[in-house]
Amino acid sequence: MPGSSIRYFTDIVTLRDRRPSQLLLALHRSSPVPWQFAEMSESSRAEVPATGLTVVFDPGESVSTTIDIVFLHGFTGHPVRTWSDKVTAPTVGNTANDCSAEPPSKLLKQHLFSSSRHGRANPTTTVFWPRDLLPITVPCARVLTYGYDTHLRHVFGPPVNKATVYDIAWDFLVALEAERQEAPLRPVLFVAHSLGGIVVKEMLRRASSLSHRPHLCNIFRSTAGIVFFGTPHGGADPRGFLQRAAETLIKVAGIRANEQIVNALLPSSERLRELRDEFGPIAQTQGWLIHSFQEGLSVKLLNGEKVVEDASSCLHLPPIEITQHIGKDHMEMCRFPGLDDVEYRKVAATLRRVMKVVAEMPKTARIPSLSDSQRAALLASLKFDQIDARQMSIRTAHSQTCKWLLKRPEYLDWLNAIKTPQHHGLLWIRGKPGTGKSTLMKFALTSSRRTMKDRTVLSFFFNARGSHLEKSTSGMYRSLLLQLLERLPRLQTIFESLGFASWNTHIQHTWSIETLKDGFEQAVHHLGETPTICFIDALDECDEDEIRDMVKFFQRLGEFAVASGVQFHVLFASRHYPHITIDRCLSLFLEGQEGHDKDIIAYVDSELKIGHGGVHEEIRRELQEKSNGVFMWVVLVVDILNKECDRGRTGRRLQQKLREVPGDLHKLFLELLTRDGNNRDGLLLSIQWVLFARRPLKPEELYFAVISGIEPEEVSEWNSDQLPIEAIQRFILNSTKGLAETTKSKIPTVQFIHESVRDFLLKENGLKEVWPDLGDNFYGASHSKLAQCSLSYIKSEAVVKLDMDPPKDVPSPEATATLRQSVGAAFPFLAYAAQNVLSHAEAAESSGVSQRDFIRSFPITHLVQPHNLFEKFKARQHTPNVSLLYLLAEYNLSALIRALSSGQSCFEQEGERYGPPIFAGMAMQSFEAVRAMLEVQAATQPPISELLTLAECCERIDKDGYFKRDFRFSAGRGVISHAAEFGNEAFISACLVALDEDVNRASQKRTPLGYAALRGNEVAIRLLIEIYADTEARGNDGKTPLSLAAMNGHEKSIQLLLERGADIEARDKDGWTPLIWAAMNGHEKSIRLLLERGADIEAKDEGGRTPLIWATRNGHEKSTQLLLERGADIKAKDKNGQTPLIRAAMNGHEKSIQLLLERGADIQAKDKNG
């Protein structure tokens, strides 16, 4: 062994017991051969576990630690392998000989693992750069790596972790806080690959909301910045990648994935959109340094595509974010072989820049507070119509019933704080349909509010007959959070914790379920000594998956309450399904409960008005026995017997009637609906409206909806004096045979008396038993009838005669609002009919009930005026000349589009906001309608027509492209130019095939190719060039497509145009070349590309200004530096004699001035004015 290697080996033995920082620094100072250090690092690397937080380098006492740098791997990643690269080792002997020629430190800096020029290649070793390179780049940093389980596993391997991104983010936050307890305010930088970036963003969002738990919030306050490697901020699809790239391998290897993690990366992920919208303002407010490294190379298995495209791998935050490409693909972009690696030097430069920022960081950061009005606005955004409708519509318990619940051992134990650790504050009441669960819950709620003044009492009653928010956990969380914040105003500080600030409270906020859960959880965590009780009824009337997630959420809250001493209790009530197993929860089953049976007896004794005596007591006893504990059955039968008694029936006749009544609740419903043939049309139509209306109808709406179907000639203005609301309610009670009622909510609506009525009609085939002549497609037939009723009301003589134009002498918004209110009061059903007539027809057509005659004869002129009147947003209103096809496209009614087949071209321009119907569909994201229009248009052409290729295009219309709701059609431009600017490949192809437009005709300054270049729409550029669009076609301002692309910095578009022969020196009317445009706007990448293609770096415009003069004039330091590096004349003068330095000084760009002076600019230069 050569002498130098012997000495090195001795040093290794001596240094093994030192701290990592001492070992690294000693080796850095004295080692002629770094290979042995790599071997030792490899062996110690086994100490890093696959999950959890691990410190991989600590500077120790010899160097003051000034920052924590924390690494998070990505999808299917690993805390070491994600950041490790393999390099080839030289032979020991030859390496020693080679090293003698150079100082050790220089060798180390050139390449940590350089191969010998003379030796043979040895087996590879691994460079784990957070440990092997980073401590040399930033010696004062403590380096940590965090691992979490999102692996794909073999089916015979261990179970796949089911944690969500939010669980991982929380675990990461807690682990990081624990590791930083000795220095909680030390600055921290996060380095994240792929999914790790989503975890970091979610973790920081959570930490920002924990001001009441400062030890966790300190992570947020101490953050200096984030370095992202290929993070899919806009959504990426690893599941799709795996399916495309390795479908066969997956089948053979038996791999399975954590589906929740996969779904979190999909573009449609609600949380990704929310993080995208929330994270940017938070990062800007905190002044974080963001550096987003993007993939420079594509992946072969993806047919040359990147895993995360550039548009998705950055936050689009120019004030704080720098984007930069790494010349590797998605998997390799965060792996580096040594210090002199060109890609690592990019990372090293970023880290050194962060350290400069850290030196200037304040010790604390503040989460800005909201004003009272802003908090009030957020509270108001939690409210929704019918928020308490279900609870208010439930009958109050009879005075002699339900009291037994308050004495039950289960109920008493539930409220007993001493026993809370046994059940975690959870009690679940279960019972069969109609047993009176909701009545019992309302009694318990009312009793608690009356007797527990020291407790905060919250409630939510699910309602399957209500709107989406009434029957979803989103509505439940909104309601509970609103109640809690209104009753305990001190908890409203959670709004700041959720990331709300003045920038986003003036917007109508859309609450995601995760934000609602976070807010409610934080509020519960901050309850302190305020006992809180939640009553949540009718869980079976909500989606089962939502309920399972909700129960899991309350279990977690219960665990927290027990651990922290918070008094938090929840009472659930539901049918026996869904069955959800809970480890710690009290249960109470109504069947067989003595108290429940006594309630039925008490109700019968009180409400059955048939007298007393032998036979009457027998009736009471038989009724109680026959009820089988179903309270709803008892209520209905008591009503039947009372009516029979009022008709003079004897006791024996009443007993006979009772014995004739079916003991099954559903069979009782059948008898009620079929016992007489009176008003069968009204009964059927009333049931159809209650079942299939798109929202619950108000009593007056339902009345006129039914009248318009059975007596359309009677439709007239509603006079509440002649037809009071009480008469309408009696009409509803009679027409529904007592199975529907008006709720007692703030906005009364009509619903079935119990959810079991709906179950009977829909799930138990009750509709077919009552109306067998309607056939099997009751759903489609019903929607067809409702569409006809709606149109009948709209076309009624009284409505047609209405003047719906507001008076001209009153300001438009006020006049329209007044007119809307007066017309709505006089014609209660008009708003619903105008807004939903076509939707009912769509539902009918989609389910197989033809609407061809209905839609082809549809009187569009009768619909537009009332539709506009009741549409509050002017942008959504239409002109009197709007076509029916346009409306169908805008509202995504694809089935009706196919039924209409009017012969009208979907590309025909109209005077509406979006122009032609096809654009209305694209802007409103009505893609089913877009496909339908293209298919219909293709089908009308002869067999040899190229338009038949539209059918193929239909299959590729998707959500790519730039069409959004804020799009506005410009009448002076053609359809092709709009498609070129905003469309995706399939849509542009369809337009090019369908339309005979000159692609080189300029409209409003530029050609379609110009618009595509201006937007950077590469697929449009490619398609237009393929059909011979002129790459040199100029707009009115003389700009070519290449100049327009350079002006906005669209590098890929520039490259594409240059490849197709675009003139790189083309000048517009001001003499500006593409390079001048790129320099003027500071597009560094575009400048580099144009220079590489031979652009004249000294080109001058009409004023004699060069690209360098423009870059310095506008203060673009990076562009200035690049131009200088490429040889731009630093002394160039324009026609006024002004040099780049003079222009920079005139505009006060200090950094540009400094850069120019460093490069030798003449500080004494003078312009023509001296």
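Here the Cβ of each residue, glycine as well, is placed from N, Cα and C on the backbone.
Automatic prediction, not curation, is the source of TrEMBL annotations.
Mean per-residue pLDDT, taken over the domain 'Nephrocystin 3-like N-terminal' (400-575), amounts to 89. Under the heading domain 'Nephrocystin 3-like N-terminal', TrEMBL lists 400-575.
What TrEMBL lists as repeat 'ANK' is 1004-1036 (among others). Beyond the repeat 'ANK' (1004-1036), the same-chain residues lying 6 or more positions past its ends with a Cβ under 8 Å from any Cβ of the stretch are 962, 970, 972-974, 976-985, 988-989, 992, 1042, 1044-1045, 1047-1048, 1050, 1052-1053, 1056-1057, 1060-1063, 1066, 1068.
The repeat 'ANK' annotation in TrEMBL covers 1037-1069 (among others).
Per TrEMBL, the feature repeat 'ANK' maps to 1070-1102 (among others). Below 8 angstroms of C-beta separation, residues 1038, 1040, 1042-1043, 1045-1051, 1054-1055, 1058, 1064, 1108, 1110-1111, 1113-1114, 1116, 1118-1119, 1122-1123, 1126-1129, 1132, 1134 of the same chain, each at least six residues beyond the ends of the repeat 'ANK' (1070-1102), sit close to that stretch.
According to TrEMBL, the repeat 'ANK' annotation covers 1103-1135 (among others). Mapped onto DSSP helix, strand and coil, the repeat 'ANK' (1103-1135) counts 16 helix, 0 strand, 17 coil.
Sorting the repeat 'ANK' (1136-1168) by DSSP state (H, G, I as helix; E, B as strand; all else coil) yields 16 helix, 0 strand, 17 coil. The annotation repeat 'ANK' is assigned in TrEMBL to 1136-1168 (among others).
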Positions on the same chain near the repeat 'ANK' (1103-1135), where near means CB under 8 A and six or more residues out: 1070-1071, 1073, 1075-1076, 1078-1084, 1087-1088, 1091, 1097, 1141, 1143-1144, 1146-1147, 1149, 1151-1152, 1155-1156, 1159-1162, 1165, 1167
Counts of helix, strand and coil residues, the repeat 'ANK' (1037-1069), according to DSSP: 16 helix, 0 strand, 17 coil
